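First comes the structure, then the notes that go with it.
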Amino acid sequence: MAGENLKVLNALDSAKTQWYHFTAIIIAGMGFFTDAYDLFCISLVTKMLGRIYYHKEGSPKPGSLPPNVSAAVNGVALCGTLAGQLFFGWLGDKLGRKKVYGITLMLMCLCSIASGLSFGHDAKSIMSTLCFFRFWLGFGIGGDYPLSATIMSEYANKKTRGAFIAAVFAMQGFGILGGGIFAMIVSAAFEAKYPAPAYQVDALASTVPQADYVWRIILMVGAMPAILTYYWRMKMPETARYTALVAKDLKQANADMSKVLQVDIEAEQPKVEEKVGNPSNSFGLFSKEFLKRHGLHLLGTTSTWFLLDIAFYSQNLFQKDIFTAIGWIPPAKTMNAIKEVFTIARAQTLIALCSTVPGYWFTVALIDKMGRFAIQLLGFTMMTIFMFALAFPYNHWTQPGHHIPFVVIYSLTFFFANFGPNATTFVVPAEIFPARFRSTCHGISAASGKLGAIVGAFGFLYLAQNQDKAKTDAGYPPGIGVKNSLIVLGVINLLGLLFTFFVPESKGKSLEEISGETEDTIEGGE
């Protein structure tokens with residue numbers, strides 16, 4: 001009998017989909033809405049920051065952020081996120097998911113508001129404080145990744161667990177969409193109230209003093225959704241799997257889940273002691289036993305997330321540059337500062353609406369039918385094909401009249417990133433590791449992804465520069481051009497496809513069955 005799972009965990013695994021599942025999705029999902037809004041809204045306002053703080057008198061082009069400043073503003077939140085994923089992932093296994101969950105949310109809210117205040121008047125002090133607060137904003141966002149995924153996987157039933165975790169992650173799509181729509185509303189309102197000529201007509205008057213409020217409002221509003229869910233986050237009980245298997249308090253786990261599931265669950269304390277006390281179930285994270293059982297799994301989750309994020313972030317953070325290159329966004333000098341924010345936001349919103357959001361929800365609908373492995377393999381395969389389809393005839397796509405097919409293929413790449421590895425790399429690490437390492441291993445996998453995002457975000461800035469020195473952006477050395485950058489991204493997606501074979505399928509199994517925790521007790525019981 002020792003191999004059987006605990007009754008409270010069986011009750012969770014076999015529970016019908018109930019209201020508490022949806023409240024958990026919304027509570028965890030609003031954190032992800034905020035994460036996506038905060039991480040991606042910076043790409044909407046970087047051009048404006050360049051115009052306001054780096055205006056050069058007599059220059060034919062509007063001011064732009066110097067390369068080092070642009071890299072810092074775009075990338076500092078990603079560095080913070082990486083650190084936060086490792087730290088809070090580890091802390092979530094040490095102190096419990098719930099205790100750490102509130103800390104990450106408060107940090108996100110405070111730093112989101114502070115990043116819009118940025119102290120000082122000159123460019124250097126404003127960029128320094130913006131980067132400082134965006135690092136700590138990223139640190140809070142980082143904690144949300146392992147904690148939200150782990151909480152949702154430990155609350156869900158085994159039949160629809162994949163869809164529930166994917167639904168939390170899918171709120172990212174709404175965050176990107178919300179950021180774009182809000183930026184359009186704010187910029188349209190300011191444009192109507194404070195009309196200004198285009199840069200080429202009057203360079204100085206094209207950036208009205210009130211433009212300084214636009215980027216601050218866009219950044220600060222990111223705190224709102226997270227603040228609204230703080231109360232409910234604090235009211236969520238600790239997950240039964242943490243309380244029973246890690247904290248070893250089965251009585252509390254039964255009491256918590258009896259309230260949540262609205263059923264009586266009888267106590268079985270000796271079984272949990274047997275389960276957790278068994279020597280074969282007490283190996284450490286850096287032990288040979290862990291390496292033997294889960295080493296390849298961790299390699300699979302970290303490598304696929306790393307490779308996916310190189311491609312995903314290099315596109316997403318710099319899609320405005322791609323749109324400008326193909327003529328979807330007019331040259332900067334033909335617009336004023338506020339109009340430019342509106343145009344970039346509109347392009348990002350259209351991409352989110354047509355490909356990003358639908359991709360996420362396709363995953364939610366099909367992940368428990370097709371399985372994680374099949375969706376990830378399909379996603380990487382299609383991304384590879386579409387990247388090469390954009391890259392090799394790139395000169396053809398830049399000709400007038402060919403822009404729409406380019407944007408369609410570009411959108412399909414995004415669609416298959418989200419109906420593919422962008423969702424599955426988040427779901428799988430929350431399922432395949434033992435409860436006492438679950439949050440840590442998810443944090444390690446996610447941090448590996450953010451390392452890829454940093455490579456994509458910083459690397460693409462330099463790589464995509466024109467090979468002709470005369471045509472590069474101000475302050476950048478010549479790169480390999482957009483065409484060759486797209487070929488590199490295609491190869492990266494191909495590698496992601498190969499590393500997917502290290503990732504096990506977790507569809508329809510209980511968490512203890514996947515992680516081998518029930519096998520341990522069978523051995524111990526014999």
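FYI, residue positions are counted from 1 along the chain as it appears here.
Placement of Cβ uses the backbone N, Cα and C atoms for every residue, glycine included.
What TrEMBL says about this one:
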- 20-45: transmembrane segment (TRANSMEM)
- 24-508: domain 'Major facilitator superfamily (MFS) profile' (DOMAIN)
- 65-88: transmembrane segment (TRANSMEM)
- 100-119: transmembrane segment (TRANSMEM)
- 163-190: transmembrane segment (TRANSMEM)
- 213-232: transmembrane segment (TRANSMEM)
- 349-367: transmembrane segment (TRANSMEM)
- 373-392: transmembrane segment (TRANSMEM)
- 404-423: transmembrane segment (TRANSMEM)
- 443-464: transmembrane segment (TRANSMEM)
- 485-503: transmembrane segment (TRANSMEM)
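Note: the stretches the transmembrane segment (213-232) and the transmembrane segment (349-367) are not in contact (fewer than 3 CB pairs below 8 A, sequence gap of 6 or more).
If you average pLDDT over the domain 'Major facilitator superfamily (MFS) profile' (24-508) in this model, you get 87. Sequence-distant neighbours of the transmembrane segment (349-367) (same chain, 6+ residues past either end, Cβ-Cβ under 8 Å): 162-163, 166-167, 169-170, 172-174, 176-177, 180-181, 184, 319, 375, 410-412, 414-420, 422-424, 427, 507. With a cut-off of 8 Å between Cβ atoms, the residues of this chain six or more beyond the transmembrane segment (20-45) that come close are 73-74, 77-78, 81, 104-105, 108, 112, 134, 137-138, 141, 144-145, 148, 151-152, 155-157, 160, 164, 167-176, 178-180, 183, 214-215, 218-219, 221-223, 225-226, 228-229, 232-233, 236, 260-261, 316-320, 341, 344-345, 348. Contact between the transmembrane segment (404-423) and the transmembrane segment (373-392) holds: at least three of their C-beta pairs are under 8 Å, each pair 6 or more apart in sequence. Under 8 Å from some Cβ of the transmembrane segment (163-190) lie the Cβ atoms of residues 21, 24-25, 28-30, 32-37, 40-41, 44-45, 148-149, 152-153, 155-156, 208, 210-211, 213-214, 217-218, 221-222, 225, 316, 338-339, 341-342, 344-346, 348-349, 352-353, 356-357, 359-361, 363-365, 367-368, 418, 423, 426-427, 430-431, all in the same chain and six or more residues away from its ends. Taking Cβ pairs closer than 8 Å, the transmembrane segment (100-119) reaches residues 31, 34-35, 38, 84, 88, 91-92, 125-126, 129-130, 133-134, 136-137, 139-144, 147, 151, 215-220, 222-223, 226-227, 229-230, 233-234, 236 in its own chain, all 6 or more past its ends. Outside the transmembrane segment (65-88) by six or more residues, the chain places 38-39, 42-43, 46, 49-50, 54, 100, 103-104, 127, 130-131, 134-147, 313, 317, 439, 443-444, 446-447, 450-451, 453-454, 457-458, 461-462, 473-476 with a CB less than 8 A from a CB of the stretch.
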